[in-house]
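Here the structure comes first, spelled out in C-alpha coordinates, and everything after it is commentary.
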Amino acid sequence: MSAKEIRFNEEGRNAILRGVNALADAVKVTLGPKGRNVIIEKSFGSPLITKDGVSVAKEVELENKFENMGAQLVKEVASKTSDVAGDGTTTATVLAQAIYKQGSKLVAAGHNPMEIKRGIDKAVEAIVAELQKISKPIKDHKEIAQVGTISANNDKTIGDIIAEAMEKVGKEGVITVEEAKAMETSLETVEGMQFDRGYLSPYFVSDPERMEATLENATILIYDKKISNMKDMLPVLEQTAKSGRPLMIIAEDIEGEALATLVVNKLRGVLNVCAVKAPGFGDRRKAMLEDIAILTGGKVISEEMGFKLENTTMEMLGRAKRIVVDKDNTTIIDGDGSEADIQGRVKQIRAQIEDTTSDYDREKLQERLAKLVGGVAVIKVGAATETEMKEKKARVEDALHATRAAVDEGIVPGGGVAYIRALNALDSVVLPAEQQFGVTIIKSSLEAPIRQIADNAGIDASIVVDKVKNGKEAFGYNAADDTYVDMLEAGIIDPTKVSRCALQNASSVAGLMLTTECMIAEKPKKDSGMPAMPGGMGGMGGMGGMDY
(Lines of atoms letter the chains of each structure in order from A; the text may use other names.)
(Lines give C-alpha, C1' and ligand atoms only; values in the text may rest on other atoms or scores of the structure.)
Protein backbone atom coordinates (compact mmCIF):
# COMPACT_ATOMS: atom_id res chain seq x y z
CA MET A 1 0.00 0.00 0.00
CA SER A 2 1.45 3.38 -0.98
CA ALA A 3 2.02 6.17 1.54
CA LYS A 4 -0.69 8.81 2.06
CA GLU A 5 -0.67 12.53 2.70
CA ILE A 6 -3.09 13.92 5.28
CA ARG A 7 -4.40 17.49 5.65
CA PHE A 8 -6.41 18.65 8.67
CA ASN A 9 -8.78 21.51 9.54
CA GLU A 10 -8.00 24.87 7.95
CA GLU A 11 -5.26 23.54 5.69
CA GLY A 12 -7.65 20.96 4.17
CA ARG A 13 -10.57 23.38 3.79
CA ASN A 14 -8.36 25.99 2.11
CA ALA A 15 -7.16 23.38 -0.40
CA ILE A 16 -10.81 22.50 -1.12
CA LEU A 17 -11.60 26.20 -1.58
CA ARG A 18 -8.79 26.65 -4.11
CA GLY A 19 -10.12 23.66 -6.09
CA VAL A 20 -13.73 24.88 -5.88
CA ASN A 21 -12.68 28.34 -7.10
CA ALA A 22 -10.60 26.94 -9.98
CA LEU A 23 -13.51 24.89 -11.31
CA ALA A 24 -16.30 27.39 -10.57
CA ASP A 25 -14.39 30.33 -12.10
CA ALA A 26 -13.95 28.31 -15.32
CA VAL A 27 -17.62 27.30 -15.44
CA LYS A 28 -19.36 30.51 -14.36
CA VAL A 29 -18.12 32.60 -17.31
CA THR A 30 -20.67 30.67 -19.44
CA LEU A 31 -23.73 31.80 -17.39
CA GLY A 32 -26.49 33.87 -18.95
CA PRO A 33 -27.26 35.16 -22.46
CA LYS A 34 -24.00 37.13 -22.55
CA GLY A 35 -22.00 34.18 -21.18
CA ARG A 36 -18.55 33.81 -22.70
CA ASN A 37 -17.16 30.81 -24.56
CA VAL A 38 -14.67 28.32 -23.17
CA ILE A 39 -12.21 26.64 -25.55
CA ILE A 40 -11.17 23.12 -24.57
CA GLU A 41 -8.14 21.40 -26.09
CA LYS A 42 -8.78 17.92 -27.45
CA SER A 43 -6.04 15.29 -27.79
CA PHE A 44 -7.09 14.81 -31.42
CA GLY A 45 -9.14 16.95 -33.79
CA SER A 46 -9.98 20.62 -33.43
CA PRO A 47 -10.52 22.25 -29.99
CA LEU A 48 -14.06 22.23 -28.57
CA ILE A 49 -15.75 25.62 -28.19
CA THR A 50 -18.64 25.50 -25.73
CA LYS A 51 -20.97 27.50 -23.49
CA ASP A 52 -22.24 24.36 -21.75
CA GLY A 53 -21.31 24.41 -18.06
CA VAL A 54 -21.21 20.65 -17.59
CA SER A 55 -18.90 20.16 -20.61
CA VAL A 56 -16.45 22.66 -19.08
CA ALA A 57 -16.70 21.08 -15.62
CA LYS A 58 -15.95 17.60 -16.99
CA GLU A 59 -12.65 18.81 -18.45
CA VAL A 60 -11.24 20.26 -15.21
CA GLU A 61 -8.63 18.07 -13.50
CA LEU A 62 -6.13 19.73 -11.12
CA GLU A 63 -2.58 18.64 -10.38
CA ASN A 64 -2.75 19.10 -6.59
CA LYS A 65 -4.72 16.13 -5.23
CA PHE A 66 -6.35 18.05 -2.36
CA GLU A 67 -7.43 20.93 -4.58
CA ASN A 68 -8.65 18.40 -7.13
CA MET A 69 -10.94 16.84 -4.49
CA GLY A 70 -12.69 20.21 -4.11
CA ALA A 71 -13.03 20.56 -7.87
CA GLN A 72 -14.40 17.01 -8.23
CA LEU A 73 -17.01 17.58 -5.51
CA VAL A 74 -18.33 20.66 -7.33
CA LYS A 75 -18.21 18.70 -10.59
CA GLU A 76 -20.55 16.24 -8.85
CA VAL A 77 -22.98 19.14 -8.18
CA ALA A 78 -23.00 20.04 -11.89
CA SER A 79 -23.40 16.49 -13.22
CA LYS A 80 -26.09 15.53 -10.62
CA THR A 81 -28.13 18.63 -11.52
CA SER A 82 -27.69 17.87 -15.22
CA ASP A 83 -28.79 14.22 -14.73
CA VAL A 84 -31.92 15.09 -12.76
CA ALA A 85 -33.04 18.36 -14.36
CA GLY A 86 -31.03 18.53 -17.60
CA ASP A 87 -29.93 22.12 -17.11
CA GLY A 88 -28.86 24.51 -14.34
CA THR A 89 -25.32 23.10 -14.12
CA THR A 90 -23.68 26.53 -14.16
CA THR A 91 -26.19 27.94 -11.66
CA ALA A 92 -25.55 24.99 -9.32
CA THR A 93 -21.78 25.53 -9.57
CA VAL A 94 -22.09 29.28 -8.85
CA LEU A 95 -24.31 28.55 -5.82
CA ALA A 96 -21.97 25.84 -4.47
CA GLN A 97 -19.00 28.22 -4.73
CA ALA A 98 -20.87 31.07 -3.01
CA ILE A 99 -22.15 28.88 -0.15
CA TYR A 100 -18.77 27.23 0.49
CA LYS A 101 -16.78 30.48 0.20
CA GLN A 102 -18.86 32.24 2.85
CA GLY A 103 -19.21 29.18 5.03
CA SER A 104 -15.46 28.53 5.11
CA LYS A 105 -14.84 32.12 6.34
CA LEU A 106 -17.22 31.55 9.25
CA VAL A 107 -15.68 28.17 10.10
CA ALA A 108 -12.20 29.79 10.01
CA ALA A 109 -13.49 32.41 12.46
CA GLY A 110 -14.29 29.60 14.92
CA HIS A 111 -18.02 28.97 14.32
CA ASN A 112 -19.44 25.44 14.52
CA PRO A 113 -19.64 23.94 11.00
CA MET A 114 -22.29 21.36 12.00
CA GLU A 115 -24.65 24.09 13.25
CA ILE A 116 -24.00 26.17 10.12
CA LYS A 117 -24.88 23.14 7.96
CA ARG A 118 -28.15 22.64 9.88
CA GLY A 119 -29.01 26.29 9.27
CA ILE A 120 -28.20 25.93 5.55
CA ASP A 121 -30.46 22.84 5.28
CA LYS A 122 -33.40 24.59 6.98
CA ALA A 123 -32.98 27.71 4.83
CA VAL A 124 -32.91 25.60 1.64
CA GLU A 125 -36.13 23.82 2.70
CA ALA A 126 -37.86 27.20 3.10
CA ILE A 127 -36.58 28.44 -0.29
CA VAL A 128 -37.67 25.25 -2.10
CA ALA A 129 -41.19 25.57 -0.62
CA GLU A 130 -41.31 29.21 -1.75
CA LEU A 131 -40.10 28.32 -5.29
CA GLN A 132 -42.95 25.82 -5.53
CA LYS A 133 -45.41 28.55 -4.50
CA ILE A 134 -44.05 30.95 -7.14
CA SER A 135 -44.05 28.19 -9.79
CA LYS A 136 -46.52 28.48 -12.67
CA PRO A 137 -47.67 25.38 -14.59
CA ILE A 138 -46.64 25.25 -18.25
CA LYS A 139 -49.31 24.46 -20.81
CA ASP A 140 -49.07 25.89 -24.27
CA HIS A 141 -46.75 25.44 -27.22
CA LYS A 142 -45.34 28.98 -26.86
CA GLU A 143 -44.15 28.50 -23.26
CA ILE A 144 -42.56 25.14 -24.08
CA ALA A 145 -40.71 26.79 -26.99
CA GLN A 146 -39.50 29.59 -24.68
CA VAL A 147 -38.00 27.14 -22.17
CA GLY A 148 -36.31 25.22 -24.99
CA THR A 149 -34.93 28.44 -26.51
CA ILE A 150 -33.39 29.63 -23.24
CA SER A 151 -31.83 26.27 -22.40
CA ALA A 152 -30.33 26.10 -25.90
CA ASN A 153 -28.51 29.40 -25.25
CA ASN A 154 -31.22 31.51 -26.93
CA ASP A 155 -31.44 29.49 -30.15
CA LYS A 156 -35.09 29.95 -31.21
CA THR A 157 -35.05 27.23 -33.90
CA ILE A 158 -34.09 24.60 -31.30
CA GLY A 159 -36.84 25.80 -28.93
CA ASP A 160 -39.47 25.61 -31.69
CA ILE A 161 -38.40 22.13 -32.82
CA ILE A 162 -38.55 20.79 -29.23
CA ALA A 163 -42.02 22.31 -28.71
CA GLU A 164 -43.21 20.76 -31.98
CA ALA A 165 -41.76 17.35 -31.00
CA MET A 166 -43.50 17.45 -27.61
CA GLU A 167 -46.77 18.45 -29.24
CA LYS A 168 -46.58 15.49 -31.64
CA VAL A 169 -45.57 12.70 -29.24
CA GLY A 170 -46.94 14.06 -25.95
CA LYS A 171 -44.96 14.69 -22.79
CA GLU A 172 -44.47 10.96 -22.19
CA GLY A 173 -43.21 10.34 -25.73
CA VAL A 174 -39.62 9.48 -26.52
CA ILE A 175 -37.65 12.27 -28.18
CA THR A 176 -34.16 11.30 -29.33
CA VAL A 177 -31.40 13.52 -30.68
CA GLU A 178 -29.23 12.35 -33.59
CA GLU A 179 -26.65 13.89 -35.90
CA ALA A 180 -28.08 14.76 -39.32
CA LYS A 181 -26.38 14.18 -42.64
CA ALA A 182 -27.57 17.60 -43.89
CA MET A 183 -26.87 21.12 -42.58
CA GLU A 184 -30.44 21.83 -41.44
CA THR A 185 -31.89 20.73 -38.10
CA SER A 186 -35.11 18.79 -38.68
CA LEU A 187 -37.75 16.74 -36.88
CA GLU A 188 -39.02 13.27 -37.79
CA THR A 189 -41.89 11.62 -35.95
CA VAL A 190 -43.11 8.03 -35.79
CA GLU A 191 -46.74 7.39 -34.93
CA GLY A 192 -47.74 4.28 -33.01
CA MET A 193 -45.41 1.71 -31.50
CA GLN A 194 -42.09 1.11 -33.18
CA PHE A 195 -39.48 -1.51 -32.30
CA ASP A 196 -36.12 -2.27 -33.88
CA ARG A 197 -36.80 -5.55 -35.66
CA GLY A 198 -37.26 -5.84 -39.44
CA TYR A 199 -38.77 -8.57 -41.66
CA LEU A 200 -37.13 -12.01 -41.53
CA SER A 201 -37.18 -12.37 -45.32
CA PRO A 202 -37.22 -9.74 -48.09
CA TYR A 203 -39.89 -11.88 -49.81
CA PHE A 204 -42.43 -10.43 -47.33
CA VAL A 205 -42.06 -6.98 -48.97
CA SER A 206 -45.28 -5.61 -50.52
CA ASP A 207 -43.82 -2.30 -51.79
CA PRO A 208 -40.59 -3.16 -53.68
CA GLU A 209 -39.83 0.49 -54.40
CA ARG A 210 -39.61 1.41 -50.71
CA MET A 211 -38.69 -2.12 -49.60
CA GLU A 212 -41.52 -2.16 -47.06
CA ALA A 213 -44.21 -4.64 -46.07
CA THR A 214 -47.50 -2.87 -45.30
CA LEU A 215 -50.39 -4.76 -43.70
CA GLU A 216 -53.80 -3.03 -43.48
CA ASN A 217 -56.36 -4.18 -40.86
CA ALA A 218 -53.95 -6.91 -39.80
CA THR A 219 -54.19 -9.66 -37.20
CA ILE A 220 -51.12 -10.23 -35.00
CA LEU A 221 -49.82 -13.52 -33.62
CA ILE A 222 -47.53 -12.94 -30.62
CA TYR A 223 -45.52 -16.03 -29.62
CA ASP A 224 -42.67 -16.16 -27.08
CA LYS A 225 -40.74 -19.16 -28.48
CA LYS A 226 -39.09 -20.21 -31.75
CA ILE A 227 -41.29 -21.51 -34.55
CA SER A 228 -39.56 -24.08 -36.74
CA ASN A 229 -42.27 -26.72 -37.16
CA MET A 230 -44.97 -25.95 -39.70
CA LYS A 231 -47.70 -28.19 -38.32
CA ASP A 232 -47.91 -26.21 -35.02
CA MET A 233 -48.70 -23.07 -36.99
CA LEU A 234 -51.07 -24.60 -39.53
CA PRO A 235 -54.38 -24.15 -37.59
CA VAL A 236 -53.85 -20.41 -37.09
CA LEU A 237 -52.76 -19.91 -40.73
CA GLU A 238 -55.90 -21.67 -41.99
CA GLN A 239 -58.17 -19.55 -39.78
CA THR A 240 -56.46 -16.33 -40.91
CA ALA A 241 -56.62 -17.29 -44.59
CA LYS A 242 -60.40 -17.87 -44.21
CA SER A 243 -60.87 -14.46 -42.58
CA GLY A 244 -59.07 -12.81 -45.52
CA ARG A 245 -57.06 -10.49 -43.23
CA PRO A 246 -53.26 -10.09 -43.36
CA LEU A 247 -51.24 -11.80 -40.60
CA MET A 248 -48.28 -10.42 -38.71
CA ILE A 249 -46.20 -12.93 -36.72
CA ILE A 250 -43.95 -11.77 -33.87
CA ALA A 251 -41.92 -14.64 -32.36
CA GLU A 252 -38.51 -15.28 -30.78
CA ASP A 253 -37.46 -16.62 -34.19
CA ILE A 254 -38.98 -18.32 -37.23
CA GLU A 255 -36.76 -20.71 -39.17
CA GLY A 256 -36.61 -23.77 -41.38
CA GLU A 257 -39.78 -25.12 -42.93
CA ALA A 258 -42.00 -22.65 -41.01
CA LEU A 259 -40.32 -19.63 -42.64
CA ALA A 260 -40.20 -21.36 -46.05
CA THR A 261 -43.95 -22.12 -45.90
CA LEU A 262 -44.80 -18.51 -45.00
CA VAL A 263 -42.70 -17.20 -47.89
CA VAL A 264 -44.30 -19.63 -50.39
CA ASN A 265 -47.83 -18.69 -49.24
CA LYS A 266 -46.98 -15.01 -49.52
CA LEU A 267 -45.53 -15.38 -53.05
CA ARG A 268 -48.51 -17.43 -54.25
CA GLY A 269 -50.92 -14.84 -52.86
CA VAL A 270 -52.63 -17.40 -50.59
CA LEU A 271 -51.95 -15.32 -47.46
CA ASN A 272 -50.64 -11.79 -46.96
CA VAL A 273 -48.16 -12.47 -44.14
CA CYS A 274 -45.05 -10.95 -42.58
CA ALA A 275 -42.83 -12.30 -39.79
CA VAL A 276 -40.41 -10.48 -37.46
CA LYS A 277 -38.35 -11.43 -34.44
CA ALA A 278 -39.55 -10.28 -31.01
CA PRO A 279 -37.84 -7.12 -29.69
CA GLY A 280 -35.53 -7.07 -26.65
CA PHE A 281 -33.91 -9.93 -24.72
CA GLY A 282 -34.73 -12.07 -21.68
CA ASP A 283 -37.26 -10.63 -19.23
CA ARG A 284 -37.41 -7.35 -21.15
CA ARG A 285 -38.55 -9.30 -24.25
CA LYS A 286 -41.42 -10.89 -22.29
CA ALA A 287 -42.48 -7.46 -21.01
CA MET A 288 -42.35 -5.91 -24.50
CA LEU A 289 -44.40 -8.74 -26.00
CA GLU A 290 -46.97 -8.17 -23.26
CA ASP A 291 -46.97 -4.42 -24.14
CA ILE A 292 -47.65 -5.26 -27.82
CA ALA A 293 -50.43 -7.66 -26.79
CA ILE A 294 -52.11 -5.01 -24.61
CA LEU A 295 -51.76 -2.35 -27.32
CA THR A 296 -53.34 -4.59 -29.98
CA GLY A 297 -55.92 -6.33 -27.79
CA GLY A 298 -54.35 -9.77 -28.22
CA LYS A 299 -52.66 -12.34 -25.99
CA VAL A 300 -49.07 -13.55 -25.77
CA ILE A 301 -49.21 -17.23 -26.78
CA SER A 302 -46.98 -18.64 -24.08
CA GLU A 303 -46.77 -22.13 -22.63
CA GLU A 304 -46.11 -20.55 -19.23
CA MET A 305 -49.63 -19.09 -19.46
CA GLY A 306 -51.08 -22.43 -20.59
CA PHE A 307 -51.49 -21.51 -24.28
CA LYS A 308 -50.16 -23.69 -27.09
CA LEU A 309 -49.47 -22.49 -30.61
CA GLU A 310 -51.53 -25.27 -32.25
CA ASN A 311 -54.58 -24.35 -30.11
CA THR A 312 -54.50 -20.63 -30.95
CA THR A 313 -57.84 -19.11 -31.98
CA MET A 314 -58.62 -15.86 -33.82
CA GLU A 315 -59.78 -14.27 -30.52
CA MET A 316 -56.23 -14.58 -29.13
CA LEU A 317 -54.72 -12.57 -31.98
CA GLY A 318 -54.10 -8.84 -31.71
CA ARG A 319 -55.41 -6.40 -34.29
CA ALA A 320 -54.11 -3.14 -35.74
CA LYS A 321 -55.29 -0.75 -38.42
CA ARG A 322 -51.89 -0.65 -40.10
CA ILE A 323 -48.46 -2.23 -39.72
CA VAL A 324 -45.39 -1.06 -41.63
CA VAL A 325 -42.25 -3.25 -41.63
CA ASP A 326 -38.93 -2.38 -43.26
CA LYS A 327 -35.59 -4.17 -43.01
CA ASP A 328 -34.77 -2.56 -39.61
CA ASN A 329 -38.02 -1.51 -37.90
CA THR A 330 -41.62 -2.53 -37.32
CA THR A 331 -44.29 0.11 -36.65
CA ILE A 332 -47.75 -0.83 -35.33
CA ILE A 333 -50.25 1.99 -35.88
CA ASP A 334 -53.64 2.24 -34.17
CA GLY A 335 -53.75 -1.01 -32.20
CA ASP A 336 -57.11 -2.44 -31.14
CA GLY A 337 -56.38 -2.67 -27.39
CA SER A 338 -58.87 -1.26 -24.88
CA GLU A 339 -58.04 2.15 -23.40
CA ALA A 340 -58.55 0.84 -19.84
CA ASP A 341 -56.02 -1.99 -20.34
CA ILE A 342 -53.46 0.38 -21.88
CA GLN A 343 -53.86 2.88 -19.00
CA GLY A 344 -53.48 0.04 -16.48
CA ARG A 345 -50.23 -1.03 -18.15
CA VAL A 346 -49.01 2.60 -18.24
CA LYS A 347 -49.65 2.91 -14.48
CA GLN A 348 -47.72 -0.30 -13.85
CA ILE A 349 -44.69 0.91 -15.89
CA ARG A 350 -44.76 4.30 -14.13
CA ALA A 351 -44.62 2.55 -10.77
CA GLN A 352 -41.62 0.51 -11.97
CA ILE A 353 -39.87 3.72 -13.14
CA GLU A 354 -40.26 5.20 -9.64
CA ASP A 355 -39.01 2.03 -7.93
CA THR A 356 -35.96 1.28 -10.08
CA THR A 357 -32.49 2.37 -8.97
CA SER A 358 -30.76 1.62 -12.27
CA ASP A 359 -30.49 4.48 -14.80
CA TYR A 360 -30.34 1.97 -17.66
CA ASP A 361 -33.53 0.21 -16.53
CA ARG A 362 -35.25 3.56 -16.05
CA GLU A 363 -34.37 4.62 -19.59
CA LYS A 364 -35.68 1.35 -21.04
CA LEU A 365 -38.90 1.59 -19.00
CA GLN A 366 -39.42 5.17 -20.21
CA GLU A 367 -38.98 3.99 -23.80
CA ARG A 368 -41.64 1.30 -23.24
CA LEU A 369 -43.95 3.87 -21.67
CA ALA A 370 -43.51 6.24 -24.60
CA LYS A 371 -44.26 3.51 -27.11
CA LEU A 372 -47.54 2.75 -25.34
CA VAL A 373 -48.60 6.35 -24.77
CA GLY A 374 -47.36 8.62 -27.50
CA GLY A 375 -44.80 7.77 -30.06
CA VAL A 376 -41.24 8.60 -30.97
CA ALA A 377 -39.76 11.82 -32.34
CA VAL A 378 -36.21 12.17 -33.64
CA ILE A 379 -34.52 15.58 -33.76
CA LYS A 380 -31.80 15.46 -36.42
CA VAL A 381 -29.21 18.13 -35.64
CA GLY A 382 -27.47 19.64 -38.66
CA ALA A 383 -24.45 21.98 -38.78
CA ALA A 384 -21.71 23.13 -41.14
CA THR A 385 -18.76 21.57 -39.28
CA GLU A 386 -18.28 18.62 -36.94
CA THR A 387 -17.20 20.94 -34.09
CA GLU A 388 -20.38 23.00 -34.45
CA MET A 389 -22.46 19.80 -34.74
CA LYS A 390 -21.15 18.42 -31.41
CA GLU A 391 -21.71 21.74 -29.63
CA LYS A 392 -25.22 22.12 -31.09
CA LYS A 393 -26.18 18.52 -30.25
CA ALA A 394 -25.14 19.06 -26.60
CA ARG A 395 -27.31 22.21 -26.50
CA VAL A 396 -30.32 20.40 -28.00
CA GLU A 397 -29.99 17.59 -25.42
CA ASP A 398 -29.80 20.16 -22.57
CA ALA A 399 -32.79 22.06 -23.90
CA LEU A 400 -34.80 18.85 -24.22
CA HIS A 401 -34.09 17.86 -20.60
CA ALA A 402 -34.95 21.33 -19.32
CA THR A 403 -38.20 21.41 -21.30
CA ARG A 404 -39.25 18.05 -19.82
CA ALA A 405 -38.41 19.43 -16.36
CA ALA A 406 -40.61 22.48 -17.05
CA VAL A 407 -43.53 20.29 -18.09
CA ASP A 408 -43.06 18.22 -14.89
CA GLU A 409 -42.90 20.96 -12.24
CA GLY A 410 -43.76 24.25 -13.96
CA ILE A 411 -41.72 27.41 -14.50
CA VAL A 412 -40.42 30.38 -12.49
CA PRO A 413 -39.00 33.74 -13.67
CA GLY A 414 -35.51 33.17 -15.08
CA GLY A 415 -32.26 35.10 -14.86
CA GLY A 416 -31.82 34.42 -11.12
CA VAL A 417 -35.00 36.42 -10.31
CA ALA A 418 -36.86 33.44 -8.74
CA TYR A 419 -34.14 33.12 -6.07
CA ILE A 420 -34.41 36.87 -5.26
CA ARG A 421 -38.22 36.59 -4.94
CA ALA A 422 -37.91 33.51 -2.72
CA LEU A 423 -35.65 35.38 -0.26
CA ASN A 424 -38.73 36.66 1.63
CA ALA A 425 -39.32 33.11 2.87
CA LEU A 426 -36.13 33.35 4.96
CA ASP A 427 -37.51 36.26 7.05
CA SER A 428 -39.72 33.81 8.93
CA VAL A 429 -36.89 31.29 9.53
CA VAL A 430 -35.63 32.01 13.05
CA LEU A 431 -33.01 29.62 14.43
CA PRO A 432 -30.46 29.46 17.28
CA ALA A 433 -27.52 31.88 16.78
CA GLU A 434 -25.02 29.48 15.16
CA GLN A 435 -27.65 28.00 12.82
CA GLN A 436 -28.80 31.49 11.84
CA PHE A 437 -25.41 31.93 10.14
CA GLY A 438 -26.48 29.18 7.72
CA VAL A 439 -29.59 31.21 6.84
CA THR A 440 -27.43 34.32 6.28
CA ILE A 441 -25.13 32.33 3.95
CA ILE A 442 -28.08 31.16 1.80
CA LYS A 443 -29.52 34.70 1.81
CA SER A 444 -26.43 36.20 0.20
CA SER A 445 -25.58 33.12 -1.94
CA LEU A 446 -28.95 33.32 -3.71
CA GLU A 447 -27.82 36.64 -5.22
CA ALA A 448 -24.78 34.94 -6.83
CA PRO A 449 -26.49 33.75 -10.07
CA ILE A 450 -27.99 37.16 -10.95
CA ARG A 451 -24.68 38.87 -10.04
CA GLN A 452 -22.76 36.52 -12.35
CA ILE A 453 -25.23 37.08 -15.22
CA ALA A 454 -24.74 40.85 -14.84
CA ASP A 455 -20.92 40.49 -14.59
CA ASN A 456 -20.81 38.40 -17.78
CA ALA A 457 -22.88 41.10 -19.52
CA GLY A 458 -20.37 43.75 -18.34
CA ILE A 459 -22.89 45.52 -16.07
CA ASP A 460 -22.47 46.56 -12.40
CA ALA A 461 -24.00 43.62 -10.50
CA SER A 462 -24.88 45.59 -7.32
CA ILE A 463 -27.10 48.03 -9.25
CA VAL A 464 -28.90 45.13 -10.99
CA VAL A 465 -29.51 43.23 -7.72
CA ASP A 466 -30.78 46.40 -6.01
CA LYS A 467 -33.25 47.20 -8.83
CA VAL A 468 -34.55 43.62 -9.01
CA LYS A 469 -34.99 43.46 -5.21
CA ASN A 470 -37.09 46.64 -5.32
CA GLY A 471 -39.27 45.21 -8.10
CA LYS A 472 -42.19 42.82 -7.68
CA GLU A 473 -43.09 39.34 -8.93
CA ALA A 474 -41.51 38.57 -12.32
CA PHE A 475 -39.73 41.94 -12.70
CA GLY A 476 -36.08 41.28 -13.57
CA TYR A 477 -33.03 42.07 -15.66
CA ASN A 478 -32.83 40.93 -19.29
CA ALA A 479 -29.06 40.74 -19.90
CA ALA A 480 -29.53 40.01 -23.62
CA ASP A 481 -31.01 43.50 -24.27
CA ASP A 482 -29.73 45.27 -21.12
CA THR A 483 -33.33 46.12 -20.08
CA TYR A 484 -35.59 45.55 -17.07
CA VAL A 485 -38.70 43.58 -18.02
CA ASP A 486 -41.42 41.22 -16.79
CA MET A 487 -39.42 38.00 -17.14
CA LEU A 488 -42.44 35.74 -17.74
CA GLU A 489 -43.83 37.99 -20.48
CA ALA A 490 -40.40 38.30 -22.10
CA GLY A 491 -40.10 34.50 -22.12
CA ILE A 492 -37.08 34.49 -19.77
CA ILE A 493 -38.07 31.51 -17.67
CA ASP A 494 -36.46 28.62 -15.82
CA PRO A 495 -38.01 25.24 -15.07
CA THR A 496 -38.83 25.09 -11.33
CA LYS A 497 -37.17 21.67 -11.18
CA VAL A 498 -33.89 23.15 -12.47
CA SER A 499 -33.89 26.00 -9.89
CA ARG A 500 -34.81 23.57 -7.10
CA CYS A 501 -32.24 20.88 -7.98
CA ALA A 502 -29.45 23.42 -8.52
CA LEU A 503 -29.95 24.83 -5.01
CA GLN A 504 -30.48 21.47 -3.27
CA ASN A 505 -27.41 19.85 -4.87
CA ALA A 506 -25.20 22.91 -4.34
CA SER A 507 -26.13 23.27 -0.66
CA SER A 508 -25.78 19.53 -0.04
CA VAL A 509 -22.20 19.32 -1.38
CA ALA A 510 -21.17 22.71 0.09
CA GLY A 511 -22.44 21.50 3.49
CA LEU A 512 -20.36 18.31 3.21
CA MET A 513 -17.24 20.30 2.32
CA LEU A 514 -17.78 22.72 5.23
CA THR A 515 -17.97 19.85 7.71
CA THR A 516 -14.76 18.26 6.37
CA GLU A 517 -12.09 18.04 9.05
CA CYS A 518 -9.56 15.73 7.40
CA MET A 519 -8.44 14.91 3.85
CA ILE A 520 -6.37 11.92 2.73
CA ALA A 521 -4.66 11.55 -0.65
CA GLU A 522 -2.00 9.31 -2.10
CA LYS A 523 1.52 10.69 -1.88
CA PRO A 524 2.96 11.43 -5.33
CA LYS A 525 5.70 8.93 -6.19
CA LYS A 526 9.16 10.43 -6.55
CA ASP A 527 10.79 9.68 -9.90
CA SER A 528 13.96 7.75 -9.25
CA GLY A 529 15.28 8.92 -12.62
CA MET A 530 16.51 6.69 -15.44
CA PRO A 531 19.06 4.01 -14.51
CA ALA A 532 22.64 4.91 -15.51
CA MET A 533 23.77 3.59 -18.86
CA PRO A 534 26.36 0.83 -18.67
CA GLY A 535 29.98 2.01 -19.14
CA GLY A 536 31.27 2.44 -22.69
CA MET A 537 33.19 -0.35 -24.41
CA GLY A 538 36.94 -0.32 -23.99
CA GLY A 539 38.89 1.19 -26.87
CA MET A 540 39.65 -1.28 -29.63
CA GLY A 541 43.30 -1.92 -30.34
CA GLY A 542 44.77 -0.56 -33.55
CA MET A 543 43.84 -2.66 -36.51
CA GLY A 544 47.27 -3.00 -38.05
CA GLY A 545 47.85 -2.84 -41.74
CA MET A 546 44.32 -1.66 -42.67
CA ASP A 547 43.88 1.26 -45.01
CA TYR A 548 41.08 3.72 -44.28
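Start at 1 and count along the chain as shown; that gives each residue its number.
The backbone N, Cα and C atoms fix where each Cβ goes, glycine too.
The following features are taken from Swiss-Prot:
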- 30-33, K51, 87-91, G415, 478-480, D494: ATP binding site (BINDING)
How many neighbouring Cβ atoms, not counting its own, are there within 10 Å of the Cβ of G415 (ATP binding site)?
29
Where does T30 (ATP binding site) sit in the DSSP three-state scheme?
coil
Which chain-mates of G88 (ATP binding site) that are at least 6 residues away have a CB under 8 A from its CB, listed by sequence?
T81, S82, A402, D494, V498, S499, C501, A502
Just name the most isolated of the binding-site residues T30, K51, T90, A479, D494, going by other Cβ atoms within 10 Å of its Cβ.
K51
Provide the three-state secondary structure of T90 (ATP binding site) computed with DSSP.
helix
